[in-house]
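K.L.:
In case it helps, TrEMBL gives these features for our protein:
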TRANSMEM  B:6-32  transmembrane segment
TRANSMEM  B:53-72  transmembrane segment
TRANSMEM  B:78-102  transmembrane segment
TRANSMEM  B:114-133  transmembrane segment
TRANSMEM  B:166-183  transmembrane segment
Amino acid sequence: MLTSLHIEGNSWLHRLPVRAKLLALVALSILLFLSGSVLVQLTAFVISGGLYISVGLSWREALKRVGFVFFTIFFLAAVNLFLLPLSEVAVLTLRLMALVLFAAAVTATTTIGAFMDEITVLLTPFERLGWVRAADVSLALGLVLRFVPDILARYQAIREAHRARGLPVRPLTIIGPLIILTLKDADTIAAAIDARGFRRQ
Amino acid sequence: MNTRDLVLIALFAAIVVVLGLIPPITLGFIPVPITAQSMGVMLAGCILGAKRGAFAFLLFLLLVAIGLPVLSGGRGGLAVFAGPSGGFILGWVVATFVTGLIAQRFVREGQPEVRQFVGFFLASIVGGIVVLYAIGMPWISAVTGTPLLTVATGSLAFLPGDLLKAAIATLAARAVFAGYPLLPVRA
């Protein structure tokens, strides 16, 4: 249910450290937004597309991952055709597609663990200021992954309860009980975390 | 921030993930299907308040960014931030914060029920619709070049659905407020 979008592989992007990939993504965004040349955008699109294809996704999966975002891009491009000159529409559309493909390639080649290590590093300055603790972020992330299946099971139970009573399954009558039942566990979970001294305070 | 707040934030982020797994509802009179997840902003603000609500959504966005397909329809990864709707997704944090601020300001325990409904509805509309669109629409316009006025006109198609979401979120938030109030105990 909560499987990462990362895929196993040994492509060039897989071997690159996560920091380099993220910096490249930022640099690419800045470069493409500063440039108004169709040629630059097209080159970036071809390279990003090539990288995305090379990470080892099946065509079907590759298309599925960017399909929805591409749909919005094409829709807006179609609207733009009526309002802007053709060359400008080409620049805008190619730029977005290049960035989306590159971002999707970074996501596909980076593990959650690698991202988390990078986030810990990025949080260091805030940690020094005492705003946030990297350990808390990891703990919260772990809690989410731990409780999503439980909450989904609870949602299904509430839905079944509706059906058993012949009630229509409506978001309104489900969301209230789902949230109350879930959040009521907070005290117990917090007590369990503190009892184990996970946060050392 | 105490451990209980941390747990509440994590649990709410998990609820938002689950709301994305629920199949969207299509209504005859509204052109776009309604996803339960997009109600998360209004719910988080009205139930957890400004600070914890915003943190819950920051955590949720972190899940998206590190490559978990937790957005409704199984979407996720850095690509969604690079796409045209990236502004709406990043805007969720600010929108939740504003929703929470308004809810905290106007809704109190012991008020007549109607005033609580009005408070939550106002918070959901200002935070979850006005603020969110104020961030999302200029973003779309900036990255796709479509004039802001055209984007705004097109966005009107989503307005009936958003108002309905605000109404559902109001009723749900008020139910939670009556059953397990968290808003008064601020982080």
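The backbone N, Cα and C atoms fix where each Cβ goes, glycine too.
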K.L.:
Ranking B:53-72, B:78-102, B:166-183 by Cβ pairs under 8 Å to the transmembrane segment (B:114-133), which is first?
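P.N.:
When the Cβ pairs under 8 Å are tallied, B:78-102 comes out ahead.
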K.L.:
Which residues of the chain, 6 or more past the ends of the transmembrane segment (B:78-102), have a CB below 8 A from one of its CBs?
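P.N.:
For the transmembrane segment (B:78-102), the sequence-distant neighbours (Cβ-Cβ under 8 Å, at least 6 residues beyond its ends) are 40-42, 44-46, 48-54, 56-58, 60-61, 64-65, 67, 71, 119, 122-124, 126-128, 131-132, 135-140, 143-144.
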